[in-house]
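Now, the feature entries from Swiss-Prot:
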| type | residues | note |
| --- | --- | --- |
| DISULFID | CYS32-CYS180 | disulfide bond |
| DISULFID | CYS54-CYS58 | disulfide bond |
| SIGNAL | 1-25 | signal peptide |
Amino acid sequence: MLQKTGRGLLAFLLIVLEWTQPSLPSPLRPICDLRVLNHFIKEAQDAEAAMKLCSEGCTLSDSVIVPQTTVEFDVWEKKSALAKAQEVQSGLWLLQEAFNFLRTSVTNTALHSHIDNSVRNLLSVNAVLRSLNIQEFTPPASAAEIEGTWRVSTATELLQVHINFLRGKVRLILLDAQACQQDVS
């Protein structure tokens, strides 16, 4: 009887230890899982590849304003969380506006699904930011009012900016988000 009780107690302790994992970091919240962002980056790369293969009906009719994608890490680290959030959200808004313009410029219907998917992914990133309690972005009256922008004149350039923005500033803001910090107890 004592042997059975000892085994049961040992099994119970193992379950409790496995459940609490006292020295292991807690798992990240699903919204912090960078595999989702990597999936969005992969889809953006697929869109860029499709755009490069396009020979007709796949051009921008005018240049569009896009966010700067370069990140000076020492400058980024010194920015407040609010400044980082505003920079990322304004960049996402600029990209959405640029993709909406691209959608009206591109006559090749095969590319419309890539463009629509890119817009959906940008909206998903915005939803993730909202779920991380990052303050909503209020777009200005004009894209020209946003600092840290430049113009691109081809669809391929737009898609490259999209990829780099996701890889850079979006990834950094997710890594910096308080809710995404691993809790090492």
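Glycine residues also receive a Cβ, built from the backbone N, Cα and C atoms like all the rest.
Each residue contributes its Cα atom, and for CYS32 (disulfide bond) and CYS58 (disulfide bond) these two points are 34 Å apart. If you take the Cα of CYS58 (disulfide bond) and the Cα of CYS180 (disulfide bond), they are about 38 angstrom apart, rounded to a whole number.
Residue environment of CYS54 (disulfide bond) contains 17 other Cβ atoms, counted within 10 Å of its Cβ in all protein chains. For CYS58 (disulfide bond), other Cβ atoms within 10 Å of its Cβ number 20. CYS32 (disulfide bond): 19 other CB atoms within 10 A of its CB, across all protein chains.
Neighbour density for CYS180 (disulfide bond): within 10 A of its CB lie 17 other CB atoms from the protein chains shown.
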